[in-house]
């Protein structure tokens, strides 16, 4: 297993429900050990070793103090660790399975953060996988748990189930029709959070948004997932309606925009992250509307992931200035699109 190779994790490679709009679903469970201090201010490496002993050879342990900053950034770009772990978790670690659809962060904000990812809108599948791992760990180790408040976490907003359910969606239709602001406001009014592609503190790129629950106390895991699934079904419906409206009312203008973006990415020699993200979103929309038969959703995910800064530094084999990064990005994008 070489997680640092430029390849997609299984949840970005395989097909899933409603994957014309939904890229992926994720369940994250935050847990702390009963007799250990948290929040994890003074991290103890022995906590990592004790937890890692619970898992078999199906998981690979990667310690943050044994890999480079570039390798940490690659894990962030693949959504396998958080930016917090990359920047602040000296004695943190991550356990990964071969498919890279299970990521267990150790010594992040909490002692354990179990993440399970699935393609498309499959929150219940992700929940089932996460709870199975959680139950296995709880048989071996004692969690910090309160009968009144539930699972105790470093951040009070996670107390209760300790669960964050999130869905990554591509919403170019709602952005183009200028309905995205009202949709986001409606989502927030229902108690959910909308963030960028890399979660808290990140900005949307390629018209990709992350929608997650805010409430973890007073509801069961199943109730939270049911609520988020219902919200996502409404968003999916509205996005599909917006796409149909654009195609019917502005067909030539839309086709021109999509093929201009395709021409740009196929021929560019220098391209910024923002310009690439906008063009990739246009082409992904074109793929979903049937303009391109030779481009798969998998290839679109490759364009998003492998045009990120850390993967470009890996491709170049060195650090780069801003211009060099734009040149390498253009080269990588041309190679991905040209590989039919």
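Placed from the backbone N, Cα and C atoms, the Cβ positions cover glycine too.
Annotated features, as they stand in Swiss-Prot:
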| type | residues | note |
| --- | --- | --- |
| DOMAIN | 21-242 | domain 'Phosphagen kinase C-terminal' |
| BINDING | 24-28, 79, 113, 164-168, 195-200 | ATP binding site |
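Feature annotations (Swiss-Prot) mapped to structure.
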residue : record           : contacts (Cβ under 8 Å, 6+ apart)
24      : ATP binding site : 11, 12, 16, 117, 118, 119, 120, 167, 168
27      : ATP binding site : 115, 116, 123, 126, 127, 129, 130, 163, 164, 165, 225
113     : ATP binding site : 28, 29, 30, 31, 82, 104, 105
Least surrounded among the binding-site residues, given as 166, 195, when other CB atoms within 10 Å are counted: 195
